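Trainee: Per TrEMBL, the features are:
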DOMAIN    6-96  domain 'Immunoglobulin V-set'
REGION    111-135  region 'Disordered'
TRANSMEM  148-171  transmembrane segment
Amino acid sequence: ITQLRVGQRLELECQTDRDSGAFWVRQDRSGTLHFIVFISSLSRVTFKGNQRTSTRFEAGRQSRFYRLVVKSFTQQDEGIYFCLMNINQMLYFSNGQPAFFPVTTTTTVAPTTTRPTTQHDITEKDPVLETPDPETSRKKELNFFCDVVIWVPLAGACLLLLIALAITIVLCQRTRRRRCRCKR
């Protein structure tokens, strides 16, 4: 798409020769990464907040293509989109796909007035009105992303080990029962 418009559907694809699943993330203008979705090799999707569906996005897998769709593109969706893969504990990033609205040439600046600050103008900080520290927000976003990248494969490996242990126990019990029958 050469010219994005508000409300337009944006479709992105990532092609791979591996069958390891893919993550889609967006980097906003300030450089902050935002996790969007993980698509497993079995085509199971997990959106931000461990959700199975999203009101803003669609995602899926067809053959070797991992697809992300922004249903109705808005200003909050602007950024550079990346497809990531975790293969043998290494992260592989696709080339970034920029998605921005065209820059408009006319801007309107609101009028401002200046006056000296008086004691009356200075108030204590109201925690409800405080804006979050962008550095803290960035750390939380990166921590969430790192948690997904680290814990999802680790949980899968633990599950496989648990299944292998259960199978081993069952087989050992069967073998032990057979030996007991033969001795009697």
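Numbers run from 1 along the shown chain.
Every residue gets a Cβ built from N, Cα and C, even glycine.
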Trainee: Could you break down the residues of the domain 'Immunoglobulin V-set' (6-96) into DSSP helix, strand and coil, giving a count for each?
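Mentor: Breakdown, helix to coil: 3 helix, 48 strand, 40 coil.
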Trainee: Restricting to the domain 'Immunoglobulin V-set' (6-96), report the mean pLDDT as a whole number.
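Mentor: Averaging the confidence scores along the domain 'Immunoglobulin V-set' (6-96) gives 94.
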